[in-house]
Amino acid sequence: MNNLAAVILAAGKGTRMKSNIVKVMHPLGGLPMVSWPVNTAREAGASNIVLVTGHQSEKVQDFFEGQSDVRFAVQEEQLGTGHAVACALPALLGFSGMVLILCGDVPLISTATLKAMVKQHRSRHAVITVLTADFAQPNGYGRIVKDGDGFIKRIVEEKDATDAERRITEINSGIYCVESDFLTVAIPNLKNDNAQREYYLTDIIKEAANLGLLCQAFPVADPAEVMGINDRAQLAEAGQLLRGRINKALMLDGTTLIDPQTTYIDRGVRIGKDTTIHPNVHISGDTEIGNNCLIEPSVVIKGCKIGNGVTIKAGSVMMDAVIHDDVAIGPMAHLRPGTELKEHVKIGNFVETKKIVMGEGSKASHLTYLGDAAIGTNVNIGCGTITCNYDGVKKHRTVIGDDVFVGSDVQFVAPVTIGRNSLIAAGTTVTRDVPPDSLAIARAPQVNKEGWKLKKK
């Protein structure tokens, strides 16, 4: 639909959030709240998106920097929704077609609903289509007033409504589809003669109806889609609904979630078939997980690429790591950015890694720190091993060749290189390179003083 544009209203501060962060930038499902209607408009076919910002405009614009289909308009003073759209009109100069008007704090609207609304708008040759919902308790919403044929005559804000109008349960969602030619004529005619002294976008409905132009309602199938977010309680409720959508889609696509209500997966995460995820798992960022994986409870994964057949045991934390096929991790392992584990690697409990590549079949089973290291294939890292990578000024690298056996309680004082097929004896502090096929041992000889304990009594 290249004749479809969108205006997203996101200028409000959101005082009820009681936050130093502007409302539309609060995170929801791994993204700022405002990015949800922007993405939905894009998925519905809008190729020209105008984001109207106000409070903390720079922060909002910085997030969308580089998205070529998003332009910005600034509403310096918040004088109502009609004024906000007026601020957006210069960015739509030369555009002719349909304009979707969405709210930055109504993030649950679905692509399917917008597409259906646009389709009906086009097929009935409407000038304005209003997305409406029926609420048993419509307090706080504008009411839809219709004529005898069921078309919209006007929308009345609650503060300006009569008692009879307040009893109407069909409400205005704040989402519209409007013909651009009419919008550019009607917006400059708005007046602020109302209780709020604001320029109401809804007044264009009355003008269109007075001109005999078709203004229709499009009732939303699921009223939750038009839920507005004004405080943190509503933000949490919206997050729960979004998680439900995300998790249901994953399950229908072949992923097993043991308890979807306590599984937290962000939009855009990709998970393969026959992967099982246990409760209290958090997966976010640009994460991709392969087929036939097992993720045990209380695992945190952010921005990782994970292959097939990977097991991640309880309590492990991973960020910006690359995990190849058939790797076992945890429990209670910590994989920091720059970690790459090749096929059949084992990382056990209380092992921390950072900026390492670990070759196929290698293992570090317990209580180890591996940082700034290249580790070959089939290497055994003993319990208590540490790569001493920092000298107080800069980081240094440890290189361990293939088939090396590292005993327990070994320290590698980097920079150091260990040749292939070597053995590092338990308790050794390695300060120099070790040639291939060698034994390295650096510890004080054992001394037994017989009878020493008895003399102390």
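Using N, Cα and C of the backbone, Cβ positions are placed for all residues, glycine too.
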Checklist entry - In Swiss-Prot, ASN389, TYR390, SER408, ARG443 are given as binding acetyl-CoA, so which of ALA374, ALA426 is in that site too? => result ALA426
Checklist entry - If you measure LYS23 (UDP-N-acetyl-alpha-D-glucosamine binding site) to ASP105 (Mg(2+) binding site) at Cα, how many Å is it? => result 8
Checklist entry - Tell me, how many other CB atoms lie within 10 A of the CB of LYS23 (UDP-N-acetyl-alpha-D-glucosamine binding site), whichever protein chain they belong to? => result 24
Item to check | TYR369 (UDP-N-acetyl-alpha-D-glucosamine binding site) and ASN389 (acetyl-CoA binding site), Cα-Cα, nearest whole angstrom | outcome: 10
Checklist entry - So which binding-site residues are near ASP105 (Mg(2+) binding site), with CA atoms within 10 Å, out of LEU9, ARG336, TYR369, ALA426? => result LEU9
Checklist entry - What number of additional C-beta atoms lies within 10 angstroms of the C-beta atom of TYR390 (acetyl-CoA binding site)? => result 12
Next on the checklist: Could you give me three numbers for the region 'Linker' (233-253), the DSSP helix, strand and coil residue counts?
Outcome noted: 20 helix, 0 strand, 1 coil
Checklist entry - Which whole number of Å gives the largest C-alpha distance between any two of ASN389, TYR390, SER408, ALA426, ARG443, the residues noted as binding acetyl-CoA? => result 22
Next on the checklist: Taking 10 A as the limit, how many CB atoms besides its own sit near the CB of TYR369 (UDP-N-acetyl-alpha-D-glucosamine binding site)?
Outcome noted: 19
